[in-house]
Amino acid sequence: MAETTLTIATVNNGDMIRMQGLTSEFTKANPDISVKWVTLEENVLRQRVTTDIATKGGQFDVLTIGTYEVPIWAKKGWLVPLANLGADYDVADLLPKIRDAVSVDGKLYAAPFYGESSMVMYRTDLFDKAGLKMPEKPTWDFVIDAAKKLTDKNGGVYGICLRGKAGWGENMAFLSAMANSYGARWFDEKWEPQFNTPEWKTTLTTYVNLMKDAGPPGASSNGFNENLALFNAGKCAMWIDATVAASFVTNPKDSKVADKVGFALAPNTGLGKNANWLWAWSLAIPAGSKKADAAEKFIAWATSKDYTKLVASKEGWANVPPGTRTSLYANPEYLKAAPFAKMTLASIDAADPNKPTVKPVPYVGVQYAAIPEFQGIGTQVGQQFSAALAGSMTVDAALAAAQSATEREMKRAGYIK
Amino acid sequence: MATRQTQFLARSLLTPAVGLLFIWMIVPLALTIYFSTLHYSLLDPGSEAFVGLENFRYFLTDPAFLASLENTLVLVGSVLALTIVLGIPLALLLDQPVVGRNFVRLMVIAPFFVMPTVSALVWKNLLMHPVSGLFAWLAKLVGLTPVDWFNDVPLFSVILIVAWQWLPFATLILLTALQSLDEEQKEAAEMDGASAISTFIYITLPHLARPITVVILIETIFLLTVFAEIFVTTGGGPGLQTTNIAFLIYSQALIQFDVGSASAGGLVAVVIANIVAFFLVRIVGRNLEA
């Protein structure tokens, strides 16, 4: 049989880099398939993958996409439903919330590679030194207060590191989740943007002031990877971000502070919602791919229980891709090796894409609204908010600009008149 | 003298080449014009519909448009001013007979051969980084707070990087012109007792008028489309502070996936470039005729 070459587009996050390193195990088991990787930074990956699939470019056989894209693209018929993942794949083992997020009408359109929510990661040594104790379910007031107390700018330690880089998947993922916990929402039931509400004003003011008092310099260009580097270098006392970061910050190979990290649920304000988001980087096959069979084989391999075991045997249980399977959280070896496991599961459970906000909303998705227009809107709003963070715009001006930009786009797309 | 027949023959032989060039030019332009009249979002294919001039209305009334127009003009103007003001003394220095002149010249010209993306990365991560950059280290050495370049003065930082890249170009052109300056004229001036400053003002500077014109024209063409430096360092932000027209079109097309608006924006950019070129050629072009 002729050799099939799969071109796989993926994001440059640690778990995917690890998967790339383990590819030889897959090609050994499937000698008729070879694999070509296209590894890109998150924003660039989205551009490449979206233009490719929308123009039917056919460059890629396997796409790495998120829970945002899956339902939209599946409804357009852009993705191949995954029906032949193999007998021992055990679809029922996938965490229900994650499985829902990558399914449409009960059919799986993408296989979750890792799932995540957000949580607080903090330095236990710094907390002890300052005589603070992190509650399991902290409030924003506590987090803000602690961040200010822990900041030692001369010593190069900042109280809190948060995303500031503009982008709907960067600062807006965090800010939307934070806004939810403050009772704000993107749109009301009639799709009217809500940036002119006091809830958003409180959210953005709190965020900007917090970062001014206790954040690192240059925060407006920090995304997930930049903050990870800062935290691992011991420069952040707290970091609220994806649960998937936990395995990196506790890995002594990457992190200077590996044995001094504690975990807590994302903060709340007592309104019933935590700043939890829900996301799963998933593998999917674009419709029209001529190598769908081989692609599905690869997806089944990369998201299977066996892959988890493979990573565990090579790199230790703490480094397996988290957040996708119930069985993983029942595995005593994993629970022992991964101090963050319980908090990850609790965080994923705390997020609800179908009811993300305190007030009702017409959309699905916690840190995004699952409509095609959201990418554009979210990025424009993210730009305004990063300007507010950089101090080149006031909070009021940023909110007003966000409101008018969102209104413009929503009118244009025909959601509001 | 060409007869009618040979003229006809020459033209008909040229036709395929000219025709090909014409198609090469007209097809992308025609497609852009066509797309600019459609509501065409990559995220929502199948919804293409003719909307007339709506895309232009949206693009031109976008608050981002005015901001990016201003940024584009500030960027082009500042880089031009910096490269010429610094290029002249640099060219004068390089014109002096010093030891290792060739090597010094090569080093001065070197930045021009660094790819824009690479130089932007070097500036961003090695020089201007507020925590680990060279400038931050120097500032800390003398007890100053490091400047957070891309946060506090983003447009100025981009201007610095672009000017650093284009300074060698200006220097090179001006240096070549200086070398063609008549030595006898300078000697005569010296014998008449002219000071160095008046020699510069009355002999060197007029002599440089033409090369300066050339520098302005050529740099403007390239600076209107600066993209890589912005993409790598600031991503157009914070807010819209470093978004220029080229970056705005990119963001319409590939961040918001709005092909219609991006095409309309592209056409607007063509018009703007033509307006700028028209005035430039009228103002500075006279120099070239004299």
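Every residue, even glycine, has its Cβ placed from backbone N, Cα and C.
Residues annotated as transmembrane segment in TrEMBL: B:12-35 (among others).
Positions annotated as domain 'ABC transmembrane type-1' by TrEMBL: B:69-280.
Annotation source TrEMBL lists transmembrane segment at B:73-94 (among others). Below 8 angstroms of C-beta separation, residues 101, 104-105, 108, 155, 158-159, 162-163, 166-167, 169-171, 174-175, 177-178, 200, 204, 208, 212, 215-216, 219-220, 223-224, 226, 244 of the same chain, each at least six residues beyond the ends of the transmembrane segment (B:73-94), sit close to that stretch.
Under the heading transmembrane segment, TrEMBL lists B:106-123 (among others).
Under the heading transmembrane segment, TrEMBL lists B:155-178 (among others).
Outside the transmembrane segment (B:212-232), and at least 6 residues removed from its termini, the chain residues within Cβ reach (under 8 Å) are 72, 75-76, 79-80, 83-84, 87, 115-117, 119-121, 124, 158, 161-162, 165-166, 169-170, 173-174, 242-247, 250, 269, 272-273, 276-277, 280-281, 284-285, 287-288. Annotated transmembrane segment per TrEMBL: B:212-232 (among others), in sequence order.
Annotation source TrEMBL lists transmembrane segment at B:264-284 (among others).
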Can you name the far-off residues of the same chain, 6+ from the ends of the transmembrane segment (B:12-35), with a Cβ under 8 Å from a Cβ of it?
259-260, 263, 266-267
